[in-house]
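These features come from Swiss-Prot:
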BINDING   C12, C96, C197  [4Fe-4S] cluster binding site
BINDING   H41, H74, H124, T167, S225, S226, N227, S269  (2E)-4-hydroxy-3-methylbut-2-enyl diphosphate binding site
BINDING   H41, H74, H124, S225, S226, N227, S269  isopentenyl diphosphate binding site
BINDING   H41, H74, H124, S225, S226, N227, S269  dimethylallyl diphosphate binding site
ACT_SITE  E126  active site, proton donor
Amino acid sequence: MQILLANPRGFCAGVDRAISIVENALAIYGAPIYVRHEVVHNRYVVDSLRQRGAIFIEQISEVPDGAILIFSAHGVSQAVRNEAKSRDLTVFDATCPLVTKVHMEVARASRRGEEAILIGHAGHPEVEGTMGQYSNPEGGMYLVESPEDVWTLNVKNEGKLSFMTQTTLSVDDTSDVIDALRKRFPKIVGPRKDDICYATTNRQEAVRALAEQADVVLVVGSKNSSNSNRLAELAQRMGRTAFLIDDAADIQEAWVKEAACVGVTAGASAPDILVQNVIARLREFGGGEAVTLEGREENIVFEVPKELRVDVREVE
């Protein structure tokens with residue numbers, strides 16, 4: 001059995017930054033550190049940080065006065081931000097800069113009195129945070145997930161309308177929704193560059209290349225990870241059997257027993273150690289040496305806040 005690895009895969013710059021913010025805060029201030037929502041959607045990462053003293057909460061009211069609070073990589077609404085400001089808290093923002101970019105687009109539309117449409121998945125924390133940047137009562141903020149949602153949507157003024165997208169969507173599905181928006185609202189204005197982030201796009205391109213060669217595709221990522229789910233869906237659309245797994249223990253030998261080639265990739269919030277564990281598991285089932293496919297090189301780095309720029313090894 002051949003083992004192929006997608007390239008790129010795993011951590012993106014936004015996830016790296018968010019995890020570093022929590023790790024550095026723990027090193028500098030000591031436990032406990034409070035984090036609103038899972039800092040990234042990966043069970044292994046969250047459990048590891050929890051063991052080191054991070055406490056994950058959903059409501060600001062759960063945080064005691066004088067504590068350190070970190071916003072997750074998915075971002076928060078202005079209401080949550082204002083609630084935190086009203087408290088005696090030290091706040092660090094781990095919102096991915098590419099999510100912040102979308103926040104700024106929504107805030108700009110709100111200031112201008114334009115209505116705004118967000119393409120995204122209802123209930124996802126990134127969507128909740130992005131929708132929460134709009135505050136103009138004279139306008140309106142709407143969420144659509146599919147072309148069907150677009151055709152049933154009514155707005156107040158089609159002449160002052162813009163759209164944005166969640167950063168972790170399917171590139172193909174989002175293109176279909178944008179096409180529907182432009183047909184339904186010919187004057188709608190979109191971002192100069194697609195809001196779907198570079199890492200999401202690159203990993204979808206990589207899994208497409210992987211699925212062209214593999215019989216079975218394993219996507220390492222947690223069930224609540226939007227970008228990981230999109231990778232599994234894309235492989236399935238290409239006619240491959242695909243499984244979303246948290247770790248190597250999830251793999252059933254029956255999944256790969258008849259496969260000549262198994263492809264492995266990882267969502268943007270999944271650490272490489274999980275991929276290495278999957279490779280080891282597949283080798284137990286008769287797999288050969290893992291081969292990494294050629295892919296797009298990623299060199300993007302997002303800096304942590306200056307107050308947290310410290311060599312953790314020196315602190316420890």
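Every residue, even glycine, has its Cβ placed from backbone N, Cα and C.
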Neighbourhood of C197 ([4Fe-4S] cluster binding site), C-beta criterion under 8 angstroms, separation at least six: C12, G14, C96, L98, T167, T168
Packing count at S269 ((2E)-4-hydroxy-3-methylbut-2-enyl diphosphate binding site) (other Cβ atoms within 10 Å of its Cβ): 32
For H74 ((2E)-4-hydroxy-3-methylbut-2-enyl diphosphate binding site), nearby residues of its own chain (Cβ under 8 Å, 6 or more apart in sequence): H37, H41, T95, C96, V99, H124, P125, E126, G129
Other same-chain residues whose Cβ falls within 8 Å of the Cβ centroid of H41, H74, H124, T167, S225, S226, N227, S269, the recorded (2E)-4-hydroxy-3-methylbut-2-enyl diphosphate site, in sequence order: V40, E126, T168, N224, S228, G267, A268
Farthest-apart CA atoms of H41, H74, H124, S225, S226, N227, S269, residues recorded for dimethylallyl diphosphate, distance in Å: 15
Residues close to [4Fe-4S] cluster site centre defined by C12, C96, C197, Cβ within 8 Å: A13, G14, V15, A73, P97, L98, V99, T167, T168, Y198, A199, T200, A268
Tertiary neighbours of S226 ((2E)-4-hydroxy-3-methylbut-2-enyl diphosphate binding site) (same chain, Cβ under 8 Å, six or more apart): H41, H121, H124, E126, Q166, T168, L169
Residues that sit under 8 angstroms from S225 ((2E)-4-hydroxy-3-methylbut-2-enyl diphosphate binding site) by C-beta distance, when 6+ apart in the chain: H41, N42, G267, A268, S269, A270
